[in-house]
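Structure record follows, encoded as structure tokens.
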Amino acid sequence: MSTTSPPLSARQIARRRRTAAWRRNWALFRGHRAGLVGLCILAVFVVVALAAPLLADGEGLKVTKATGGVLESPSGEFWLGTDESGRSVLTMLIWGTRISLLVGLLATAISMVIGTVVGLVAGFFEGWTSRLLYRLTEWFLVIPFLPLAIILAVVLGRSLLNIAIVIGVTSWPATALLIRSQTLSIKERPYLERARVLGAGRWHQMTRHVLPNVMPMVFANTTLTVAVAILSETTLSFLGLGDPGRVSWGSMLEGAFGVGAMTTGSWWYIVPPGICVVLVVLAFTLIGQALEEVFNPRLRER
Amino acid sequence: MTASDGVTPLLESSGLGVRFTTRTGKVAVALDDVDVEVRPGEILALVGESGSGKTTLARTLVGLQRPTSGEVLFDGRPLSYSSKSLRKLRSEVQMVLQDAVGSLNPKQTVYESVAEGIRLHKRVASDPAGRTEAELVAAALSEAGLRPPERLFLRYPHELSGGQMQRVLIAGALALRPRLLVADEPVSSLDASIRGEILALLLGLRESLGLGIIVVTHDLGLAWNIADRIAVMYLGRVVECGSTEEVLESPRHPYTRALLSVVPEIEQLTPVVLTGEVPDPTRIPSGCRFHPRCPAYADGTAGAAGIAEKCRTAPLPVVTAGGDHRVACHLAATPES
Amino acid sequence: MDHLLELDGLSVSYRTADGPLPAVRGVDLVVDAGEVVGIAGESGCGKSTLASTVLRLQPKDAVVEGEVLVAGRDVLTMGWGDLRALRWAEASIVFQGALHSLNPVRRIETQIAEPIQLHEPGLSTAEVTARVGELLEQVGIPAARSRVYPHQLSGGQRQRVMIAMALACRPQLIVADEPTTALDVMVQAQILDLISGLVKDLGVGMLIISHDLSVLSDVCDRVAVMYAGRVVECGSAEQVFRAPAHPYAKALAQAFPRVGDPAARYAPAGLAGDPPDPHAPPPGCTFEPRCTLAVDACREAEPPLLDIGGRQSACIRVGAA
């Protein structure tokens, strides 16, 4: 940049800064092999979820339209065999990817928003608001997850959105505690005092200084939460609390368990959804750990 | 310059006190009855060891800390602590904090850091010359000696040297066109060669912008370099104040003398190394608060003058603000025999 | 006779993604028993790297050339066993930042006793305790305070404990990295007094690293000034501080004004510019871009450290101004 160029506008500067930051973070992420592997696995699943209608006919999910026999083993026609109603396990698996990912992401979004807001406010403010929120967080943290989730799912009814809400509402406390402790430490940094000297109010301090500095942690934490949410969705569906109208990996496992696939040796009904759950959870965990290292220089130094 | 010349001080404090209760329930006195003043275009140095209350005083003067007694007057009017009036004060009184490295948000570029104050106080809309935000930021950076400013716009704090960070912070404060700048240890974390540059910058700003400056420091050499007046603090009180020449060339308080004698460059003085450190502010000694460490008390000078008892028990009057050389010491108040 | 410490053509560079990064370039230095030698310089001049190399404590990615001889033995090539015996017993180091170098959950007594027990396993507990008490008294802390934890001590007292630890195994050489940084002026004066006294009483040799030339001029016999990894001036503390020859040493000395000097009133002395980028050093003299006395010849070759009237200086313009 030469000194004679006209001064840049604020927006141009902001944009350049952002691209530079992204590029730097991406370079760091690329250096992390496990994170890249996670990203590749996830990419495959996302592509499968998006392209589900092209890969397998959605009609194949309807019991009435099933063409195969009962619990057929894998063959040229049904690569992964069929279920107890004669549906193709592969078709169910492909369409289940959609539901599992969707519920996982939706639940995570709910959990993140609640967790971040509660954590930020509890950490930034002092006095009774903060104490109350902290107690609430602790309270939610110690409630056993499964009973609460089961009760909520029963009360709210069995639907896709409700499952996401149930998982979101029960999984935010860990995020809130993390954000709160981060906020507490950032609150003491001199640059917040500087912002106060410049005349910044609380809203400005929170949105311009605290939030940008906790966001990377939120981001890294999000990917880990998605993994937990997908596992929870599987658990709830396996317990028969999922959306009865839709196929997810959890509901497949439930179906398999229900017809005794384990004892009849119909491995093709249990193993594929199980592996998919493990792979997606692994992918998100690997990405999350890589992101943590990208955003937390202290971990990087080791 | 004396108090009698009729100039209204830009900022002054009267009977300023700050106490807080520690976790164990004891009351710590961080500031006790402090009167200081700084006039427009004047450089005042607050000098003392850590624990002397100099940083607390600076923070209280800019309204970051609420006093528990006494008041701060800006332009002759007492500060009010509503968020609206504090906001107004911020546009006229700015502070550069001690820790230059920590004072910049690591996620913000130089541009954003400097523009922050401009945005908060909507300085683009009120700029008489109708300049854009980028022009205002560039002007502030140039004033702080960072030229050409555009080259630094996109830098992050970790890409700057210590001296550059300090200049960015000064630029951020200057962008608001304040009338008073408070600088807390502006050079203590900087390399020696950069020290002079930053001090010259502060002097130059006083010259070109008529800025009043309060500089908080433990470094008497710095005070000699730039300050017009000095207030020496010990354990929450001003113990000696006056013009820089008066205080540093003919110090009257034993504490000031001791501080001066340990500055390594002055070998004509026999170093008077005080034992121990500044006492705990929850247990302020009776009488003269310096007497437990006072060399004049310990070597019997005070006893010979017949005031040892007074040093132990009689409280000292407060050193009032103003132009004259004043000192809070029983020995100094006793006529030489 | 061997010198207590002898650095011979010491160079240290760090391996980085952008190629080797030189930190120390060809430093020769000698410390004898009963002598205090100071190294002054600013952040990034290589002085801390140099200090850590003396006890082979440099980071793993550092490449060291030249020789470091402690009592005539090369520290860089000796075996691990010898090196461990050398650390503490022959040479010890006082790190900067006493707050972080002490273990917060152990009594200072235990921490001082640790090196003694390691190096002299034959001593009884009573003997060790007596020795710890003696050491504490030596650094001006009552032996009765030996059972406190670091947080119960003030900053200055903690620094004294660090010095007591360094003295624990009666070493001949002590390296002190910024021993008074972050301490108050008065406490700094106390510590400097202590250091001078110990050197006189124990006859040890000492290498002090500091960014503050005025501190060094107070306690040192000889001072070396480093810039961009090289020693640019070396002489008696008096010479270097009062009458520096190299323009950089001059700028450093002037940065600390004499209180009462009318020339310094309202005229802080400064040095424009930043130290050179070690990846792309300027041709010729590394100080040339910031030097007010620079001439064309300065850009041609890096000036060697030459003897001039009882001291050394690396500047072709010495005597020009």
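Cβ atoms are placed via backbone N, Cα and C, with glycine included.
Not measured: the values here are computed from a predicted model.
Residues or ranges marked as domain 'ABC transmembrane type-1' in TrEMBL: A:97-288.
Here TrEMBL flags A:99-125 (among others) as transmembrane segment.
Per TrEMBL, transmembrane segment is recorded for A:132-154 (among others).
The transmembrane segment annotation in TrEMBL covers A:210-231 (among others).
Residues 29, 32, 34-39, 41-42, 45, 71, 73-74, 80-81, 83, 89-90, 93, 96-97, 100-101, 104, 216, 219-224, 226-227, 230-231, 234, 249-250, 252-253, 255-257, 259, 261 of the same chain, all 6+ positions outside the transmembrane segment (A:267-291), place their C-beta atoms under 8 angstroms from a C-beta of that stretch. What TrEMBL lists as transmembrane segment is A:267-291 (among others).
Remark: the transmembrane segment (A:132-154) contacts the transmembrane segment (A:99-125), by the rule of 3 or more CB pairs under 8 A. For the transmembrane segment (A:210-231), the list of distant contacts is 100-101, 103-105, 107-108, 111-112, 116, 119-120, 123-124, 167-168, 171, 174-175, 178-179, 182-183, 186-187, 192, 277, 280-282, 284-285, 287-289, 291-292, 294-296: same-chain residues at least six beyond its ends, Cβ to Cβ under 8 Å. Outside the transmembrane segment (A:99-125) by six or more residues, the chain places 45-46, 49, 133-134, 136-137, 160-161, 163-169, 171-184, 187, 202, 205-206, 210-211, 214, 218, 221-222, 225-227, 229-230, 232-234, 243, 246-250, 276-277, 280 with a CB less than 8 A from a CB of the stretch.
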